[in-house]
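Quick look at what TrEMBL annotates:
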- 11, 12, 13, 14, 15, 16, 17, 18: NADP(+) binding site (BINDING)
- 106: NADPH binding site (BINDING)
- 191: L-homoserine binding site (BINDING)
- 206: active site, proton donor (ACT_SITE)
- 352-428: domain 'ACT' (DOMAIN)
Ligand code: NDP
Ligand code: HSE
């Protein structure tokens, strides 16, 4: 075993960083044995230096992250600050000064992964980011390495712990949306700005990363169709239950049947209670990967939180340190297919539409005609007159599979009918 330690700079010491530091300290002996050299925490960059940080030598704390990554003796930079800047500049500076990088920063990887990959390659360093998608679950490495000889056609799953926690609490405990979000935040699951979670930006960033790696192409954040969970109501959850379904925020990345394009989307969807994703509770994540030769693989585990995420960071740290000792590097970007990303309008799926309509003869036929005119075939219809005697009925239509553009056209036309008083909700139905 080499006695000279590998030096690690930790950028950020919050929910994730503090756990990374704790595990590095408590498991130092095992990590050294597995790597073949000791790893030493050489510095910890934070924003608030006076904050008490248990188990961390105060002499290591600095607010000058740039000086830390420029020191020249740092072997690995672990970036767990989050956000675009200063994280991007710190990572590229780290490469310039000879360090490899482990990051948990999905927002940055989705926004500008190409710049990071290019900088890593230019300087012959590693860029590892297992923790950026689905917390503790090994998913990036299986896609980048284990499945590198197969052809992945679909990646579908729950990749945001916070929203899964909120939907689960609303569904099973009758909790309110805000109350559940507060609980997820207190447990360290939510992003610094939880809007990223509830509006679907975090899941969209993860979908972009997964689609890029799975299909060997570049998929940016703007390529991902995104809807969050802020519009999901307890009425939607009740309606799903009546259909034998539940509601989950899904990320779905697909290769087109002709293989010439891909799609990536994030939105709430109803899934049958019999589907394995329906039983994914709290902040757990689960992802199905469908590959030509392997068939269907399922990855499941804790998707957020300090300790699970630190596990993924530490796995990368060990891999990067081993590479360093072997004077090797792991896989870089693989985007050779250059497949275009098709718009959401071309995605084909099923829909659950709740309408408030006038409770009078002929309305159902009128509504059905609009669906037919747009080529959207109806599977089931449920109508119930309201008890308050206001002359309205709740109409729920579930369609067969149809292109998203056809459904949008249908809804637009429905809104123009005098007899349709409102479109209460539109939700896709997946997993059947
Ligand atoms: P936190 O907000 O808990 O921690 C952020 C840390 O970065 C804090 O220690 C903060 O310092 C420090 N920091 C902020 N700005 C600067 C700066 N300019 N210079 C130096 N340090 C700075 O975030 P998390 O630990 O939750 O998340 C970190 C990263 O991990 C993000 O990219 C996130 O998306 C990702 N991630 C998080 C998961 C989770 O479950 N929380 C799961 C998977 C990934 P100070 O302590 O002084 O405020
Ligand atoms: N905020 C993220 C989530 C953290 O809830 O999934 C894990 O990436």
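Cβ coordinates are placed from backbone N, Cα and C, and glycine is handled just like the others.
TrEMBL feature annotations superimposed on the structure.
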residue : record                    : contacts (Cβ under 8 Å, 6+ apart)
12      : NADP(+) binding site      : 45, 46, 79, 80, 81, 82
13      : NADP(+) binding site      : 21, 44, 45, 46, 53, 56, 61, 80
14      : NADP(+) binding site      : 80
15      : NADP(+) binding site      : 188, 305, 306, 309
16      : NADP(+) binding site      : 80, 104, 131, 306, 309, 310, 313
17      : NADP(+) binding site      : 10, 11, 44, 78, 80
18      : NADP(+) binding site      : 53, 54, 56, 306
106     : NADPH binding site        : 129, 132, 133, 202, 205, 206, 209
191     : L-homoserine binding site : 82, 162, 197, 202
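In the vicinity of ligand 2, defined as a Cβ distance under 6 Å, the following of the recorded positions 16, 18, 191, 206 are placed: 191.
Proximity to ligand 1 at the level of Cβ atoms, with a cut-off under 6 angstroms, picks out 14, 15 from the binding-site residues 14, 15, 18. Excluding 11, 12, 13, 14, 15, 16, 17, 18 themselves, the residues of that chain whose CB lies within 8 A of the CB mean position for the NADP(+) site are, in sequence, 10, 19, 20, 21, 46, 80, 81. Counting every protein chain shown, the number of other Cβ atoms lying within 10 Å of the Cβ of residue 11 (NADP(+) binding site) is 28. According to DSSP, residue 191 (L-homoserine binding site) is assigned to coil rather than to any helix or strand.
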